[in-house]
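Feature list (source: TrEMBL):
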ACT_SITE  C122  active site, cysteine persulfide intermediate
BINDING   F259, C260, R261, S262, G263, K264  Mo-bis(molybdopterin guanine dinucleotide) binding site
Amino acid sequence: MSNFYATKMMGDIKKIGTSEIKICKKGNLNLFNLDNVAQEVPIAMVYNGISHAVMMASPKDLTLFALGFSLSEGIIQAADEIRDININNYGSNGIELNIELSPRQFMALKTHRRNLTGRTGCGICGTEQLSQLFRPINPLPFTQSFSLNYLDQALSQLNTIQKIGQLTGCTHAAAWITPTGELAGGCEDIGRHVALDKLLGMKSREKWQNGAVLISSRASYEMVQKVATCGVEILFAISAVTSLAVEMAQKYQLTLVGFCRSGKATIFSYPERLTG
């Protein structure tokens, strides 16, 4: 089996993540300066030569994106079911992630394949039937715990993984936090779903087990479904949660926490995993 982490690149992404644009501002429309804006690129997921999805995303950490998306969408159950990942850059026409699945997984994908074109990692655009929205996921076990006394420490570190965000103010972040509030790693992207997919790919690669996911965005049902599919038991969101996210969290036995700010947190499901 080839090592797909040794990604093959065709083409050249000259400056990953940001572009310099000439701007002027209110009050002095004749004064022009350069400013950084976040890059937004169409990314096509192609499995065994067949296009599956196109999403708008930041053009970085693409191997992690391919792995995490495949896991969080239930296309694969383990990383070794991917044989190879090749990245083809077509400039202004976008980027293709060519993912080679094992024959068994590719046949399974074809039986319930959906085509979608998302705006920024949109989770349901192009879904043809309501029944496709909710994948069967086994209820999560109760093997993890987290002390809320460490949450502020994790929150204070979240911006350290948003290098593009610091330049542009335009990215979401997703991080894996240890039971003692340390950031084991994280990813950023213009799309909150994509940032989470990249993190879940990183989690699989690094084989993290103990801890929780922290996201800089709201928690919608797709975010809940993605982490539950990947076996994550605790999800912290800086912003609000939706009613369907709570419903899904209760169904999957996921601990869902929203409005995570300094000294604050609102638990919406399964507080049994939390202390403090």
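Even glycines carry a Cβ here, placed using N, Cα and C.
In TrEMBL, annotation is done automatically, which means it is predicted and not curated.
In the three-state DSSP reading, S262 (Mo-bis(molybdopterin guanine dinucleotide) binding site) counts as coil.
Report note: the Mo-bis(molybdopterin guanine dinucleotide) site is defined by F259, C260, R261, S262, G263, K264, and the residues of the same chain whose CB lies within 8 Å of the CB centroid of those residues, excluding them, are L151, D152, L155, A265. Taking all protein chains in view, 9 other C-beta atoms sit within 10 angstroms of the C-beta of S262 (Mo-bis(molybdopterin guanine dinucleotide) binding site). With a 10 A radius on its CB, G263 (Mo-bis(molybdopterin guanine dinucleotide) binding site) counts 8 other CB atoms from all the protein chains. Taking the Cβ of K264 (Mo-bis(molybdopterin guanine dinucleotide) binding site) as reference, no residue of its chain lies under 8 Å away while being at least six apart in sequence. Shown in sequence order, L155, I238 are the residues of the chain, 6+ apart in sequence, with a C-beta less than 8 angstroms from the C-beta of R261 (Mo-bis(molybdopterin guanine dinucleotide) binding site). Proximity of C260 (Mo-bis(molybdopterin guanine dinucleotide) binding site) to non-local residues of its own chain (separation of 6 or more, Cβ distance below 8 Å) is seen for L151, L155, L214, F236, A237, I238, given in sequence order. The 10 Å shell around the Cβ of F259 (Mo-bis(molybdopterin guanine dinucleotide) binding site) contains 16 further Cβ atoms across the protein chains shown.
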